[in-house]
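Here's the structure we're looking at; comments come further down.
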Amino acid sequence: MDNRPMAQAASVNVPQPIRSDGAGATDFGPRDVMRDIENPDMLVPPVTDAGLIPNLKFSFSDAHMQLNHGGWSREVTARELPIATTLAGVNMRLTPGGVRELHWHQQAEWAYMLLGRARITSVDQEGRNFIADVGPGDLWYFPAGLPHSIQGLEEGCEFLLVFDDGNFSDLNTLSISDWFAHTPKDVLSANFGVPESAFSHIPSEQVYIFQDNIPGSLESQTVQSPYGTIPQSFKHQLFAQTPIKTPGGSVRIVDSSNFPISKTIAAALVELEPGAMRELHWHPNNDEWQYYLTGQGRMTVFAGNGTARTFDYRAGDVGYVPFANGHYIQNTGNQTLWFLEMFKSDRFVDISLNQWMALTPRDLVRDNLHVGPELLDALRKEKWPVVKYPTA
Ligand code: CO
Ligand code: CO
């Protein structure tokens, strides 16, 4: 019997790395056909792609799963996606009553609630506290260094955390259980003014996530601080905002102009209908970290000097665009594509290719690109972040 691994037979359903002009050749394997089907623009790049742009995609499905009683987490950091140095993301689930324990870190924490509800708590340097419930589409922001916690309510929850440092790991934070475990008991006794026996059952290591009872109502958990509550809310209801609506979808922008505490992270939540696209643009402030929420799309990143690379994305993927690189995102599926664009910045800013051309002398644009009135007449002085034209 022949035990050698056998090449796969070509099948009509299996995509092949062959372009319509005949360039390329069949691939009989070994190969991961499911991945090739998910990444048609990797298997057969557009002819306009060229050069050596580094990887700009990582799926949370390829990340390590941290499983605990009470929930799970997985993260996409610069360890997984080396180019992503500005921001890191964590996808976390908490069961009903599940707790991300009391902890703090050197980085600011921005979050988007995907589904379910949670109770968040924090205390600032003035002794003021913040306790609030967050639901789907709500954001929170904990400034760097401030202690906080997250607990799933009746229905549990799942959310995205974003930190303003690509090398941050949520598994490597400063946590209350870890500190207790690594402080001599006589010191704990002296600090709190109680006998050492009060600490005989403390956890021996970092807890991270644990299962607790579902907390009572917000009112029942109120703690009155003599210094009052934190004046600048750590919570923001993104869907209470009026979106920018254009043919093809919508955009909701949130940064320190409408969520004042969010000093280091700016974001846009983009909705693209089938057939619509996020217009050709770039950002003059920082790299873009993307999280795909629903649907599927594709993006080509143009890095100058004749280089461009196209990637396909779907729900659960992280995308990245280096500072000032040109890009667009097309909805390539038949359902609505929702994604988040995020920046390590206090403001969301972008430059529209269309608007730039519309506000530049017409003769200059014409002679630079050798284009006629058909295009020049169609240029728009207003910015349309999302577009969908009947001719597209
Ligand atoms: Co945190
Ligand atoms: Co962008």
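Any Cβ shown, glycine's included, is placed from N, Cα and C.
What TrEMBL annotates here:
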type	residues	note
ACT_SITE	GLU341	active site, proton donor
BINDING	HIS103, HIS105, GLU109, HIS148	Mn(2+) 1 binding site
BINDING	HIS281, HIS283, GLU288, HIS327	Mn(2+) 2 binding site
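Annotated features taken from TrEMBL, shown on the structure.
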{"residue": "HIS103", "record": "Mn(2+) 1 binding site", "Cβ within 10 Å": "21"}
{"residue": "HIS105", "record": "Mn(2+) 1 binding site", "Cβ within 10 Å": "21"}
{"residue": "GLU109", "record": "Mn(2+) 1 binding site", "Cβ within 10 Å": "26"}
{"residue": "HIS148", "record": "Mn(2+) 1 binding site", "Cβ within 10 Å": "19"}
{"residue": "HIS281", "record": "Mn(2+) 2 binding site", "Cβ within 10 Å": "19"}
{"residue": "HIS283", "record": "Mn(2+) 2 binding site", "Cβ within 10 Å": "22"}
{"residue": "GLU288", "record": "Mn(2+) 2 binding site", "Cβ within 10 Å": "27"}
{"residue": "HIS327", "record": "Mn(2+) 2 binding site", "Cβ within 10 Å": "24"}
{"residue": "GLU341", "record": "active site, proton donor", "Cβ within 10 Å": "24"}
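Checked against ligand 1, the recorded positions GLU109, HIS281, HIS283, GLU288, HIS327, GLU341 give GLU109 as the ones with a Cβ under 6 Å from it, listed in sequence order. When secondary structure is read from DSSP and collapsed to three states, the residue listed as 'active site, proton donor' falls in the strand class.
Calculated from their C-alpha atoms, the gap between GLU109 (Mn(2+) 1 binding site) and HIS327 (Mn(2+) 2 binding site) amounts to 27 Å. Neighbouring residues of the recorded Mn(2+) 1 site, listed in sequence order and excluding HIS103, HIS105, GLU109, HIS148, comprise TRP104, PHE142, LEU146, PRO147, THR173 (Cβ within 8 Å of the Cβ centroid). Summary of the Mn(2+) 2 site environment: with the site residues HIS281, HIS283, GLU288, HIS327 set aside, the chain residues having Cβ atoms within 8 Å of the Cβ mean position are TRP282, VAL321, ASN325, GLY326, GLU341, ASP350.
Put simply, the residue listed as 'active site, proton donor' is 23 Å from HIS105 (Mn(2+) 1 binding site) when counted between their Cα atoms. Checking the recorded positions HIS103, HIS105, GLU109, HIS148, GLU341 against ligand 2, the ones whose Cβ sits under 6 Å from it are GLU341.
Cα proximity to GLU288 (Mn(2+) 2 binding site) (within 10 Å) is found for the following recorded positions from HIS103, HIS148, GLU341: GLU341. Here HIS283 (Mn(2+) 2 binding site) is compared against the recorded positions HIS103, HIS148, GLU341, and the shortest C-alpha distance is to GLU341. Under the DSSP three-state reduction, HIS283 (Mn(2+) 2 binding site) is assigned to coil, being neither helix nor strand. Considering only the recorded positions HIS103, HIS148, GLU341, HIS281 (Mn(2+) 2 binding site) has GLU341 as its nearest partner by CA-CA distance. When the alpha carbons of HIS327 (Mn(2+) 2 binding site) and GLU341 (active site, proton donor) are compared, the span between them is 12 angstrom.
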